[in-house]
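Asks: Provided herewith is a single structure, encoded as structure tokens, for subsequent inquiry.
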Amino acid sequence: MKKYILALDQGTTSSRAIIFDKEQNILGVSQKEFTQIYPNQGWVEHNPLEIWASQYGVLQEVIAKTNITQEEVAAIGITNQRETTIVWDKNTGEPVYNAIVWQCRRTAGIIEELKLDKEFSEYVKENTGLLLDAYFSATKIKWILDNVEGARERAEKGELLFGTVDTWLVWKLTNGKVHVTDYTNASRTMLYNIKELRWDERILEKLNIPKSMLPEVKNSSEVYGYTNLGGTGGVRVPIAGMAGDQQCALFGQTCFEEGSVKNTYGTGCFLLMNTGEKMIHSKNGLVSTIAVGIDGKVQYALEGSVFVGGAVIQWIRDELKLVTDAADTEYFAQKVEDNGGVYVVPAFTGLGAPYWDMYARGAIFGLTRGANRNHIIRAALESIAYQSKDLIDAMQEDAGCKLTRLKVDGGASRNNLLMQFQADITGAEVVRPIITETTALGAAYLAGLAVGFWKSKEEIAEKWAVSQSYSPNLAEEKKEKLYKGWKKAVKRAEGWEEE
């Protein structure tokens with residue numbers, strides 16, 4: 001009897017495995033952290049074999065822990081850190097280099113060179129939906145081919161394969177039989193034409209990347225292959241769903257309709273809006289990406305990210321030592337009625353969308369003699385909501401629609417003061433679901449739909465339940481005054497590092 005879906009959630013700092021039942025209850029979770037490698041300033045790597053070992057380890061652990069049998073697992077769904085790049089030998093399975101992680105800035109020089117070709121920059125934006133940036137996979141592959149001895153020659157002979165983390169996991173789970181990715185992960189490589197749904201020859205040629213390295217692009221929900229979960233029974237379990245982490249969170253939040261939006265409050269914030277079958281080109285520095293691909297049809301999304309979201313709370317705790325526990329920020333922030341005119345702009349590494357200012361730096365503005373610890377803590381929390389509002393306003397303008405409801409998840413979404421302020425400052429209802437494991441849940445949904453475990457998106461949406469909702473409760477005049485203060489503070493922080 002098929003009773004469960006196993007979701008593999010391969011993140012930037014840890015690998016997790018979660019078991020869901022048909023009612024979307026979580027039966028068990030296993031998690032294992034793995035090594036972050038920093039060979040040079042601004043470089044970030046992972047060992048691909050350690051990614052695999054940690055992911056396979058938690059898969060076996062969660063099955064043992066929950067005492068379920070392989071026969072009871074209907075399917076496996078995969079969600080993953082996006083853009084991270086792995087190149088390996090297709091005969092031996094040995095990686096030729098460490099995985100180059102999405103955060104890694106080593107290819108910034110290659111990007112600057114490419115940007116000199118204005119026509120090419122425009123072509124990339126128009127056809128991949130992305131801005132030329134070291135964040136995406138394309139220049140990471142080029143770097144490996146150019147810098148690892150013999151790599152280019154081997155790639156041209158068809159001996160090397162490229163994959164994002166989803167591709168690597170499926171390849172390992174199927175013992176090297178299956179080399180695939182899904183539409184969402186392909187859309188983050190900067191090599192995939194999201195209008196025509198194909199690898200883009202012009203970009204491949206410009207970067208000198210052999211097409212033979214690339215995986216086949218499949219739906220986000222279909223059976224890609226089978227794996228044996230390591231028992232003696234030899235039961236073959238289908239691997240049936242796959243999408244990048246932010247797209248999975250959008251799907252896990254049941255944002256199936258055009259115009260629906262979710263915000264994940266993690267270290268940074270990731271805001272995605274489903275734009276349906278329309279690919280919208282942002283005029284506000286957002287990227288266009290594929291939200292999901294099912295039955296050969298894709299839905300698109302607009303995506304914006306805040307570099308420093310929950311990380312501002314860590315800064316308050318670890319560097320300023322204003323609290324000993326991140327959860328205490330709510331308690332102290334509530335001790336004051338408002339921010340007392342204080343604004344924190346956490347531009348520690350510059351500002352992302354819609355500003356895109358790499359030279360902005362963090363600052364605290366509006367201090368008076370009466371400003372105290374609580375005002376600074378409150379202003380830090382509010383900065384997360386202001387930055388999210390900046391993105392929401394940009395999205396509304398690009399999509400030509402008004403947001404009435406924002407679905408939220410991620411660690412900082414548990415902070416009630418922050419969520420209430422988010423509702424107040426955006427004028428939209430903010431909704432937190434009962435299951436906040438939305439990324440893994442999205443992967444489970446995709447896999448479950450492919451094998452008939454759940455019959456339809458409608459069945460899934462019916463089971464999606466609200467834990468708490470926050471309605472806007474701030475006078476328009478007060479809202480405008482607060483936001484105007486934020487805009488003024490950002491203006492002062494911009495361009496700080498420039499000579």
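Placement of Cβ uses the backbone N, Cα and C atoms for every residue, glycine included.
For Thr12, Thr13, Ser14, Thr267, Gly310, Gln314, Gly411, the entry in Swiss-Prot reads ATP binding site. The sn-glycerol 3-phosphate binding site annotation in Swiss-Prot covers Thr12, Arg82, Glu83, Tyr135, Asp245. Taken from Swiss-Prot, the feature ADP binding site applies to Thr12, Arg16, Thr267, Gly310, Gly411, Asn415. Annotation source Swiss-Prot lists glycerol binding site at Arg82, Glu83, Tyr135, Asp245, Gln246, citing sequence analysis.
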Asks: Given the binding-site residues Gly310, Gly411, which one's Cβ is surrounded by the fewest other Cβ atoms within 10 Å?
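Replies: Least crowded of the binding-site residues Gly310, Gly411, by Cβ count within 10 Å, is Gly411.
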Asks: What residue among the binding-site residues Thr13, Gln314, Asn415 has the most other CB atoms lying within 10 A of its CB?
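Replies: The residue with the densest Cβ neighbourhood is Asn415.
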Asks: Starting from the Cα of Thr12 (ATP binding site), work out which of the binding-site residues (Glu83, Tyr135, Gln246, Asn415) are within 10 Å.
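Replies: Cα filter at 10 Å returns nothing.
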Asks: Write down the Cα-Cα distance for Asp245 (sn-glycerol 3-phosphate binding site) and Ser14 (ATP binding site), rounded and given in Å.
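Replies: Cα to Cα, Ser14 (ATP binding site) and Asp245 (sn-glycerol 3-phosphate binding site) are separated by 13 Å.
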Asks: Taking the Cα atoms as reference points, how far is Thr13 (ATP binding site) from Glu83 (sn-glycerol 3-phosphate binding site) in Å?
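Replies: If we compare the Cα positions of Thr13 (ATP binding site) and Glu83 (sn-glycerol 3-phosphate binding site), the gap is 15 Å.
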Asks: Taking every protein chain shown into account, which of the binding-site residues Ser14, Gln246, Thr267 has the largest tally of Cβ atoms within 10 Å of its Cβ?
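Replies: Answer by Cβ density within 10 Å: Gln246.
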Asks: What number of additional C-beta atoms lies within 10 angstroms of the C-beta atom of Arg16 (ADP binding site)?
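Replies: Arg16 (ADP binding site) is surrounded by 22 other Cβ atoms within 10 Å.
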Asks: Would you list, in sequence order, the residues of this chain other than Arg82, Glu83, Tyr135, Asp245, Gln246 that have their CB within 8 A of the centroid of the site's CB atoms, where the site is the one recorded for glycerol?
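Replies: Neighbours within 8 Å of the Cβ centroid, excluding Arg82, Glu83, Tyr135, Asp245, Gln246: Gln81, Thr84, Trp102, Arg188, Gly244.
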Asks: Reduced to three states, what secondary structure does DSSP give Arg82 (sn-glycerol 3-phosphate binding site)?
Replies: coil
Asks: Rounded to an integer, what is the Cα-Cα distance in Å between Asp245 (sn-glycerol 3-phosphate binding site) and Arg16 (ADP binding site)?
Replies: 12
Asks: Taking DSSP as the reference, which of helix, strand or coil describes Gly310 (ATP binding site)?
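Replies: Going by the DSSP assignment, Gly310 (ATP binding site) belongs to neither helix nor strand, so it counts as coil.
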Asks: Look at each of the binding-site residues, Thr12, Glu83, Tyr135, and point out the one with the fewest other Cβ atoms around it within 10 Å.
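Replies: Selected from the binding-site residues Thr12, Glu83, Tyr135 on minimum Cβ neighbours within 10 Å: Thr12.
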Asks: For each of the binding-site residues (Arg82, Asp245), count the other CB atoms lying within 10 A of its CB, then report the residue with the highest count.
Replies: Asp245
Asks: Looking only at C-alpha atoms, tell me how far Gln314 (ATP binding site) is from Asn415 (ADP binding site), rounded to the nearest Å.
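Replies: One finds 14 Å between the Cα atoms of these residues.
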Asks: Distance between Gln246 (glycerol binding site) and Arg82 (sn-glycerol 3-phosphate binding site) at the Cα atoms, whole Å?
Replies: 8
Asks: Going by Cα-Cα distance, which of the binding-site residues (Arg82, Glu83, Tyr135, Thr267, Gly310) sits nearest to Asn415 (ADP binding site)?
Replies: Gly310
